[in-house]
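Asks: Dumping what Swiss-Prot says about this protein:
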type: ACT_SITE; residues: D288; note: active site, proton acceptor
type: BINDING; residues: L130, A131, S132, A133, S134, I135, A136, Q137, V138, K153; note: ATP binding site
type: DOMAIN; residues: 124-502; note: domain 'Protein kinase'
type: TRANSMEM; residues: 501-521; note: transmembrane segment
type: TRANSMEM; residues: 522-542; note: transmembrane segment
Amino acid sequence: MTPGEVRRLYFIIRTFLSYGLDELIPKMRITLPLRLWRYSLFWMPNRHKDKPLGERLRLALQELGPVWIKFGQMLSTRRDLFPPQIADQLALLQDKVAPFDGALAKAQIEEAMGGLPVEEWFDDFDIQPLASASIAQVHTARLKSNGKEVVIKVIRPDILPVIKADLKLIYRLARWVPRLLPDGRRLRPTEVVREYEKTLIDELNLLRESANAIQLRRNFENSPMLYVPEVYSDYCSQDMMVMERIYGIPVSDVATLEKNGTNMKLLAERGVQVFFTQVFRDSFFHADMHPGNIFVSYEHPENPKYIGIDCGIVGSLNKEDKRYLAENFIAFFNRDYRKVAELHVDSGWVPPDTNVEEFEFAIRTVCEPIFEKPLAEISFGHVLLNLFNTARRFNMEVQPQLVLLQKTLLYVEGVGRQLYPQLDLWKTAKPFLESWIKDQVGIPALTRALKEKAPFWVEKMPEIPELVYDSLRQGKYLQHSVDKIARELQENHVRQGQSRYLLGIGATLLLSGTFLLVSRPEWGLMPCWLMAGGLVAWLIGWRKTR
């Protein structure tokens, strides 16, 4: 490790211990070496004993910086992993991150706009940030060109070196995991960190986020379910993004939603519909749908509409992944575990030599207890989590797009059941999945595929005769080459047979001549002739092997 990495590691350990986060480790897992190591750091006591554990965890992650804050944001929706008091504190990381100086933000905006003063492009620029996140900060203004209210998102200054330094350290730690944990190699920690790095680096490029938001807005144009604010791409750069300012109720503010008369059941169901529409219709889904990025319009509470922001992380599935995923869900809820196992093999998610019977039994063992709950209480996200964890025991490769999907599905479920605890995800999603699968087979699907491919075939039609001629010529040449190789192999086989025969004869004559020369000297030159013949036969046989 470099001196800088050692200092950073020391800071991380000191931060964790000063907030007493060693309490998160179960006592049964604290081995003697760990206990001795903790005693050796006696000068790092818990300095926040008066605070609850959840608050201490939040403050520690906040102190460690953006890499750890994003990690905490991801964990905030995993209420199956933490008690409510910890999950509630982690959720605060989404909205309450200390802002950086507004003057620095203004300077960055001016640099992005070619060095011109902010007043040349915007009116009513507010130096006080509207919101502050782990990666970026948002300020409000009005466009000078048309007077529309906008928000300006700017990346935190000098954030990239900090992220890279932390990620480099995490990579080093990840390489130790297989040595420290018996199951560490199968977890592929380095690949997990690599995917996490890609996600973080992508979030630092606001041009990418702008393009994502424009695409998502186009996909849901005039939709009654989701509104995506307009992006003013002429003002956007890698470090700055300008988009329409929206007014809505945070989706986590259930009390205000109810006070506004929102149809909570319809709102929860529309969240599920929006997610499955993005995944299966558009193959392009918002993959960071935590409560801080979702609002609900004040207008028409009886027919509520979501407002989505922060499109820095998106995911996509190819056609085959979508089909296998939809069929997996339906097979699972029909308790057809054999079908689930076969789908994993057919899709290539697990190796083709996987024992399907063993895989089916493993899935049944893990998933059957889920059905002890009423169907309405079964979590899609946990279904995927259980399936993927089981499949990883059978050497399932890490599928980044499926990891993003599973994480997003947990977000959607968490929000939906917070809005309407009786939400039946399966009842809401099943018609959509069955309709989508039905749409992928039969005459309509064939007609659609022909329409999609028609321009390609029209373009390639003039080339077909030449391609056919080239193919026939190559086939003829290939056949000639195959025949030539076959003849050479046959000739080589014959030569090898002759060589072995002559070598055997030569060895026999040499041995016989030597024996007679020693035991029957009265035979005169006969043994010498035998030895000479054997040597000639052996030399001829040896040459045939060349």
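Numbering starts at 1 and runs along the chain as it is shown here.
Yeah, the Cβs are placed from backbone N, Cα and C, and that goes for glycine too.
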Asks: Within a 10 Å radius around the Cβ, which one of these binding-site residues has the most neighbouring Cβ atoms: L130, A136, V138?
Replies: A136
Asks: Determine which residues of the chain contact the transmembrane segment (501-521) at the Cβ level, with the cut-off under 8 Å and only residues 6 or more beyond its ends counted.
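Replies: Tertiary neighbours of the transmembrane segment (501-521) are 527-542, 544.
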Asks: Using the residues the record lists for ATP (L130, A131, S132, A133, S134, I135, A136, Q137, V138, K153), what whole-number Å value is the largest Cα to Cα distance?
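Replies: The ATP-binding residues span at most 14 Å between Cα atoms.
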Asks: Go through S132, S134, our binding-site residues, and report the one whose Cβ sees the most other Cβ atoms within 10 Å.
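Replies: That would be S134, with the highest Cβ count within 10 Å.
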Asks: Could you tell me the C-alpha distance between the residue listed as 'active site, proton acceptor' and S134 (ATP binding site) in angstrom, no decimals?
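Replies: That separation, Cα to Cα, works out to 14 Å.
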Asks: Taking the Cβ of D288 (active site, proton acceptor) as the centre, count every other Cβ atom within 10 Å, in any protein chain shown.
Replies: 24
Asks: What kind of secondary structure is the residue listed as 'active site, proton acceptor' part of, going by DSSP in three states?
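Replies: Its secondary structure by DSSP: coil.
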Asks: Under DSSP, is L130 (ATP binding site) part of a helix or a strand, or is it coil?
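Replies: For L130 (ATP binding site) - judged by DSSP and reduced to three states - the answer is coil.
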Asks: Under a three-state reduction of DSSP output, how is V138 (ATP binding site) classified: helix, strand, or coil?
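Replies: Note: V138 (ATP binding site) is in a strand by DSSP.
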